[in-house]
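Notes for the one structure printed next.
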Amino acid sequence: MHRDGLPLDGYSFTPAFAACPVLPPAFGRRGLLAARQLHALAAKMGALLFYHHRITCTALLDAYSKCGGGRPDDALSMFDEMEGRARDAVAWNALLSCFIRHGRPADAVAAFRRMTLEEGVDPTGFTLATLVKACGALKIRRRGEQVHASLVVAGAWDSAVLGTALVDFYSDCGLIDQAIRLFARLQCSKDDAAHNALIAGCVKNGRHAEAFAVLREMEEPSAAALTTALSACADSCNLRYGRQIHCTAVRGGLTGSTMLCNALSDMYSRCGTMEDARSVFEVMPARDVVSWTGLIRAYGSHGPATEAVRLFKEMEEEGHPSPNAATLLSVLSACGHAGLVDEGRECFLSMKARHGVEPGPEHHACFIDLLGRAGRIEEAWELFTGMCAGAAVPGIGVCVAMLNACRACADVAKGLRVAERLLGLAPAGGAGIYVSLSNFYAAVGMWEKVEELRRLMKGRGLRKQRGHSWIDRCRGNMVPPKLAVDSPLGESKKDSNSVWHERGSISSS
């Protein structure tokens, strides 16, 4: 239209702005560039008319929010330039959503205050849902409950959008029982988003049985719901129910989802069944960097670690997707477990040149740990002192790795120097630092230092986190129970007592 000399108005630019965020990934950041060019053209052709045009300005604000990973500051600048009359509830909702999308909930709350108190714009249901999300992210329980109470008084809380937002809020604040009760009392039609929110909240709060029960209530679970439930299976090592979810995904024709297949592979690997994890990986229709990284990490943890290195080389040969920082960290960890020093060194030294990834503190710590396990203390020390002399000052993780390397190689002199540096970082590192220092001092026979550290930990109220395990009691009926609302959730006291009875039987046998 512009080339042909046809007149352009606000309605001409609106669909063009809306198209910028949905450009194919192959266009990279061109969506953001296109939005800026269109913005400049619109302002040039009639700035006063443009900034009065509510729909067009809101479309551009949304484009800045989503294009090229999002530019919330550009979106805010655009919003401030809009004529006051153009800043209606829809425009405010776009701004609040932008802040939530980019992890700036405090700015969302501040914008809501400005919207209601300074400019007198009445919030919509979507506005309040966004505010509730911000309160959950900030753990502002009192403000979120006030919003909930006002919605109940107005009789406006019983909607899918607001109900889902409130479930998210209570879950984020750790009040999962309130989230479950609220979900059960919703009279509106509960969509996939509401079910997914409660499943995710149960998983986040460690209530895996309730997450399975919510999934059971869904007639046709979505790929997102199954993905979240699979994380509960992985966290609780519930392989039986994980297999049931896999069957549900196959029956529902959902195995074409890369996200779901990644969750399946992760569940199988974390449950220790590497053959199943590899089978899922092999039949995936499309593999992204998460697919490769997850399986490489699994082989590094469960073995054989050499297979992790072989898989990484296969990923390099395919050329797509490119490994990221997490992938390379998984490879270094696998090399450390398998004692593959040369392969680990090659991976570490080629991170920047071959893959364009700058080694971070976690990569340095992993490589130092690898060298220490192999007895190459001088190489590890050279890397450590190089970091101390450079701009990248070693943090807690790197110092602990170097201290453990000194302990493994019985290098007392270097270990004492690292311990001195680590003591300066101790207040910020919790009990883990004191435990590492205590182990080093005990290994070199400095028992008075061990006692001193124990007294220091006791005085500061720090305790070593104890390891734990659990018993998965196999029942004949593998279907999870229905979601309880009015009665206490979880297993009954009778069930708990029977578990301990079984534990005693196992111990005595």
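Using N, Cα and C of the backbone, Cβ positions are placed for all residues, glycine too.
Here the repeat 'PPR' (53-85) has Cβ contacts under 8 Å with residues 10-11, 13-15, 17-18, 20-21, 28-29, 31-35, 38-39, 42, 91, 94-95, 97-99, 101-102, 104, 107, 119 of the same chain, all six or more residues outside its ends. According to TrEMBL, the feature repeat 'PPR' maps to 53-85 (among others).
Look at TrEMBL and you will find 88-123 (among others) tagged as repeat 'PPR'. Nonlocal intrachain contacts for the repeat 'PPR' (88-123), taken as residues 6+ away from its ends with a CB within less than 8 angstroms of a stretch CB, comprise 54, 57-58, 61-62, 64-66, 70, 72, 75-76, 79, 82, 130-131, 133-135, 137-138, 140, 143.
The repeat 'PPR' annotation in TrEMBL covers 191-225 (among others).
Residues 258, 261-262, 265-266, 269-270, 272, 274, 277-278, 281, 330-331, 333-335, 337-338, 340, 343, 347, 355-356 of the same chain lie 6+ residues outside the repeat 'PPR' (288-322) yet bring a C-beta within less than 8 angstroms of a C-beta in it. Annotation source TrEMBL lists repeat 'PPR' at 288-322 (among others).
The feature region 'Disordered' is assigned by TrEMBL to 484-509.
Here TrEMBL flags 491-509 as compositional bias 'Basic and acidic residues'.
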Within the repeat 'PPR' (53-85), residues counted as helix, strand or coil by DSSP: 28 helix, 0 strand, 5 coil
